[in-house]
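Undergrad: Following this message is one structure expressed as structure tokens.
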Amino acid sequence: MEMLAHLADGFALSLSPLNLMVITLGVTIGLFVGAMPGLGSVNGVAILLPLTFLVPPASAIMFLGALYYGAMYGGAISSILLGIPGASTAVATTFDGRPMAQQGKAGLALIAAAVGSFVGGTISVILFTLFAQPLADIALAFGPAEEFALVLLAFTTFVGLGGDDVAKTIVMIAFGLVLSTVGLDLISGQPRLIFFDLPGFYSGISFLVLAIGVYGIGEILWTLETTRGRAQVMTARIGVKDLWTGIKLLRHSLRTMTVGSLLGFFVGLLPAAGATPASLMSYGMAKTFSKKPETFGKGAIDGVVAPETANNAASTGSLMPMLTLGIPGSPTTALLLGGMVMWGLMPGPMLFIEEPDFVWGLISSLYTANAFAVIVNLALIPLFVYALRMPLSILAAMVIVLCIVGGYAPDQRLHDVWLIAAFGIGGYLLRKLHYPLAPLVLALVLGPLMEKAFRQALIAAQGDAMTFIERPLSATFLVVAGLFLLLPLAQAIRHRKTPTEPANGSAGA
Amino acid sequence: MHRAEMIMAIALMALSSVFMIMATDLPIGWVRGSGPGGGAFPFWLSAIMFVSAAFILIRELRKRLTRQQALRHFIDSVALLDIGLVVGALLITIGLMHVVGTYIALPLFLAFYLRVMGQHGWLLTAAIALITPVVVFLFFEVTLRILLPKGITEPLFYPLYAFFF
């Protein structure tokens, strides 16, 4: 009951006129960002974060949360109408969304995607509401040793479950962590890694600079190369009658939606997984358990519902460890975490005690954002059809301008803008060679916490490294982390024993 | 692809070596009674980065390539031209911000990008190139009070400052 009272207080905050406006705007921009091929939630959050200085921190986070949600809905629009996923999270939606559009059922596919997203979002927000406080309560007992072990565990999930090349993943994690140590040593206050003695490095490398570089500039370069030639936009018209038939048809998809929501939520909790693998897994599950698996890939409505439910559920799921433990569950939530730290709202269990208004305001805003997203999505379909015809060059030019100006704004140094350019070019080249970028960004965000926790724990134990093993929770985390590290090794051995087995390592990715 | 892979691995090894050398400015060992020194974290993580990159390089060297794999390019020449132009324009724009300021550099960038890269008409190009800086000025300088770099054009903005602030 206490939870409902908290939630009611939260709604009082999130339903204020300013916040309602911010959420509507966030959802609409998110839908647009998600729908544009090449831009997903993480790009939208990275590029637009500097613009949120306009509103108070709580509203800024609600805006970004709404944008995150909107982008998950929006990804389906271009998957269905263009046949190109609007974001990686909507890849699985193209499998059946595109065939449906080709059969003239684009409207129905869009309704199915929107309703699926809504159900996925709603179920996962309810799970979030139920589990957030208990998880935060457990996390209250964490000391520096547990914090360190937990961050280490988060990184090892990339090695064990990330699905990318293990050596490249480790390079990226280490690289990100080293970048996070640039600046002043947090214990002794001495400067370290000041490249070329540039004064700009004394205050460290901001997560925002890396994120804008990699997800703004780098993404544009990547999109320039990959989407040459234009795909044909399918038109879709949705009337009230279509909506009604759509909803009636979707009654048969209830089980798919439930499975997709639960799967999405729990996969979303893991830092290395997230919305993209969750949607692919959900698609696979729906196909396996379908009575008519042969219709999948040829325009099965469940094939649209399954991934869309899961990716929305996963985005909510990844918010939970970020808010309660301070460990983000996805690159987008890593940026939200960085933003919150910048605004003095340190995520973690203490946030539930010190800033309950903010925490519950944010949680309640997710309900609002979810409801608005489905309405705005269906109402503005014609506008999105039009927007998808916008030439890439205009979008790219705008994004680059936003990256330059937005990268300058937080600290007002051109030094940061040069770094953004460097990270953009470097990130593009790394991505071309299949180096995963999410662990790099996550490592830069979590690096300071990891080092601080490690050294604080040791100082408290007078330099005795056994402290990490003697504390039961910390020891448990470390053992699980060790298992994740060994997982790729075990897989390699198994593959060597049965060489005829097809490589299906991506299933767990 | 194969060569690019090896160059990147070597570049990462070089980068991590620089990190390691720089990290030794602070103690990298174990300080008795208080744990690792200030340089330990960057040093040992750079070492991990070095070893992993070296592993990638060795794996790439030992790889037997099929003819098809050996012929595959890292990037084709058309894309290279596009990417090169965008990167060049970006770097020149940032450089110009130091000298002539944001409000000359941004319109020039937009005009170049939309006209040359996007091949849009002059009308559209001019409209976007002129409206964007105005919006940027109103949003960042007037609303957020964040002053963007102006370089030598700073005096031109004094009347605007007087009007808005």
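Heads up, the Cβ atoms here are built off N, Cα and C, so glycines get one too.
Automated prediction, rather than curation, is the source of TrEMBL annotations.
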Undergrad: What range among A:303-324, A:325-346 does TrEMBL record as transmembrane segment?
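TA: The listed stretch tagged transmembrane segment in TrEMBL is A:325-346.
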Undergrad: Do any residues of this chain, six or more beyond the ends of the transmembrane segment (A:437-454), have a C-beta under 8 angstroms from a C-beta of it, and if so which?
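TA: Beyond its ends, the transmembrane segment (A:437-454) has Cβ neighbours at 144-145, 147-148, 151-152, 154-155, 158, 162, 169, 172-177, 179-181, 186, 205, 207, 210-211, 214-215, 218, 271-272, 326-328, 330-331, 334-335, 337-338, 427, 430-431.
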Undergrad: For the domain 'DUF112' (A:20-442), provide the mean pLDDT of the predicted model.
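TA: It averages 88.
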Undergrad: Is the count of Cβ pairs under 8 Å between the transmembrane segment (A:20-39) and the transmembrane segment (A:201-224), pairs 6 or more apart in sequence, 3 or more?
TA: yes
Undergrad: Which one of these stretches, A:138-162, A:201-224, A:358-384, A:475-493, has the most C-beta pairs shorter than 8 Å to the transmembrane segment (A:75-95)?
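TA: Per the Cβ count, the answer is A:358-384.
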Undergrad: When you scan the chain for residues with a C-beta under 8 Å from the transmembrane segment (A:201-224), skipping those not six or more beyond its ends, what do you find?
TA: 37-39, 42-43, 45-47, 49-50, 176, 179-180, 182-184, 191, 193-195, 331, 334-335, 338-339, 342, 392, 396, 399-400, 402-403, 406-407, 410-411, 416, 419-428, 431-432, 437, 440-441, 444-445
Undergrad: Would you kindly list the residues that approach the transmembrane segment (A:107-132) from elsewhere in its chain, counting only those six or more residues past its ends and only Cβ-Cβ distances under 8 Å?
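TA: Sequence-distant neighbours of the transmembrane segment (A:107-132): 3, 7, 69, 72-73, 76-77, 79-81, 93, 96-97, 100-101, 236-238, 242-243, 245-247, 249-250, 253, 257-258, 260-262, 264-265, 268, 301, 304-306, 308-317, 319-320, 323-324, 352, 359, 363, 366-367, 370-371, 373-374, 377-378, 381.
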